[in-house]
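These features come from TrEMBL:
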ACT_SITE  Lys28  active site
BINDING   Thr17, Arg31  IMP binding site
Amino acid sequence: MDEVEEERKGANKIGTTKKGIGPAYMDKAARVGIRVADLLDREVFEEKLARNLEEKNRLLEKMYDTEGFKIEDILDEYYEYGQQVKKNMS
């Protein structure tokens, strides 16, 4: 999101690092972000991811004319990250 928005702005770009920090804070403020705790429960994570991807993909495709993401390309990888984090939680 960060990168395509920066490209869209052209000469008016703000010089983002393209790491997604701005969009992450926007999602946090809107209370739609996915938290690390959500990665621990596959069902919760899949539900939140599906809801977020629906919105983000609509933006990417309609506003930025670029391809969206597929849930299957993200779900397993990030759920596994959650399981790795879980091992280090007390």
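Cβ atoms here come from the backbone N, Cα and C positions, even for glycine.
Since this is a predicted model, take the numbers as computed values, not measurements.
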| Rounded to the nearest angstrom, how far is the Cα of Lys28 (active site) from the Cα of Thr17 (IMP binding site)? | 19
| said: Under a three-state reading of DSSP, tell me whether Thr17 (IMP binding site) is helix, strand or coil. | reply: coil
| If you run the three-state DSSP split on the residue listed as 'active site', which class comes out? | helix
| query | Pick from Lys28, Arg31: which of these recorded positions has the biggest number of other Cβ atoms within 10 Å of its Cβ? | reply | Lys28
